[in-house]
Amino acid sequence: MERQLEAYCAHLRNERQVSGHTLLAYRRDLEKVIEFCNNQGIAGWDALQVQQLRQLVARQHHHGQSSRSLARLLSAVRGLYRYLNREGLCQHDPANGLAPPKGERRLPKTLDTDRALQLLDGGVDDDFIARRDQAILELFYSSGLRLSELAGLDLEHLDLTGGLVQVLGKGGKSRVLPVGRKACEALQEWFRLRGIAAPRDGAVFITRQGNRLSTRAIQMRVKTFGERELGQHLHPHMLRHSFASHLLESSQDLRAVQEMLGHADISTTQIYTHLDFQHLAAVYDSAHPRAKRSKGNES
């Protein structure tokens, strides 16, 4: 089983050209299946049956594995069996028709508008790191980029005169997004100092040494800003969630938010309507005369 897993991973890496992160996640999931098979005395991939795979999924769920993680595990198994069937090494797929247990969908964490403005209006020193980090925060909140999209930006992708940025999203799909005035100003200030360090390098966000800033480094800079300005944990996706939530709250245009986020399915975007409803419910509870309860009626 291990040998066939190695062959499949090589196929994903060399022919499918999946990202290193995805490859590592799939390998870990499939190694769990191999461990389960070894413990159950299942001799190979061709011997694994749907009842046994269902047992593994149930066991993982019982031990706290999320529905999302189990869906990824089943996706990894299906991908492996497609490969094995194509190579003539197997003739079935035990994951076919098998779904993970349904779990509660967690609402994304966001900053409210006041906290977002507190983060961005905290004041900026006129130096390389401060100007770069401010531009990163402004662009995340202005345009709702994913971490990988922002890290992969090149200078040619930005049109500050027109207030536009072109990003390459999931599945290699390109989209053009508006960039707000404050973000454009922050980027212009950053470019004033950036050009001194790497005038010929194409990456938008770079280190002092002129190298492209990694996704990990961007995560750490955002975390540092959150702790310093807000006293809380902050990550890039929280800024993306805040962008989506605040835009939907103001515009009520779900389709437009879907396009800007680069979601293939509008159901993914609809989770932000639940956040908007939470906000409306809080306003109602605090403001509507028939929603307020007197202290004497709280029993």
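First residue shown is number 1, and so on along the chain.
Every residue gets a Cβ built from N, Cα and C, even glycine.
What you are looking at is a predicted structure, and each value in this text was computed from that prediction instead of being measured.
Other Cβ atoms within 10 Å of the Cβ of Arg146 (active site) number 18 in total over all chains. In the three-state DSSP assignment, the secondary structure recorded for Arg146 (active site) is coil. Annotation source Swiss-Prot lists active site at Arg146 (among others).
Non-local contacts of Lys170 (active site) by the CB criterion (under 8 A, 6+ apart in sequence, same chain) comprise Arg146, Gly262, Ala264. Taken from Swiss-Prot, the feature active site covers Lys170 (among others), and the record attributes it to sequence analysis.
His237 (active site) falls within a helical segment according to DSSP. His237 (active site) counts 15 other C-beta atoms within 10 Å of its own C-beta, drawing on all protein chains shown. Annotation comment: Swiss-Prot describes His237 (among others) as active site, evidence class sequence analysis.
Residues or ranges marked as active site in Swiss-Prot (evidence: sequence analysis): Arg240 (among others).
Secondary structure at His263 (active site), taken from DSSP and collapsed to helix, strand or coil, is coil. What Swiss-Prot records for His263 (among others) is active site, and it gives sequence analysis as the kind of evidence.
Taken from Swiss-Prot, the feature active site, O-(3'-phospho-DNA)-tyrosine intermediate applies to Tyr272.
Among the features that Swiss-Prot reports, domain 'Core-binding (CB)' is placed at 1-85.
For the domain 'Tyr recombinase' (106-285), the model's pLDDT averages out at 84. Residues annotated as domain 'Tyr recombinase' in Swiss-Prot, with sequence analysis given as evidence: 106-285.
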Quiz item: If one measures from the C-alpha of His263 (active site) to the C-alpha of Arg240 (active site), what distance in angstrom results, rounded to a whole number?
Solution: 13
Quiz prompt | CB within-chain contacts under 8 A for Arg240 (active site), separation at least 6 | solution = Phe140, Gly144, Leu145, Arg146, Leu261
Exercise. Within 10 Å of the Cβ of His263 (active site), how many other Cβ atoms can you find? Include all protein chains, please.
Key: 17
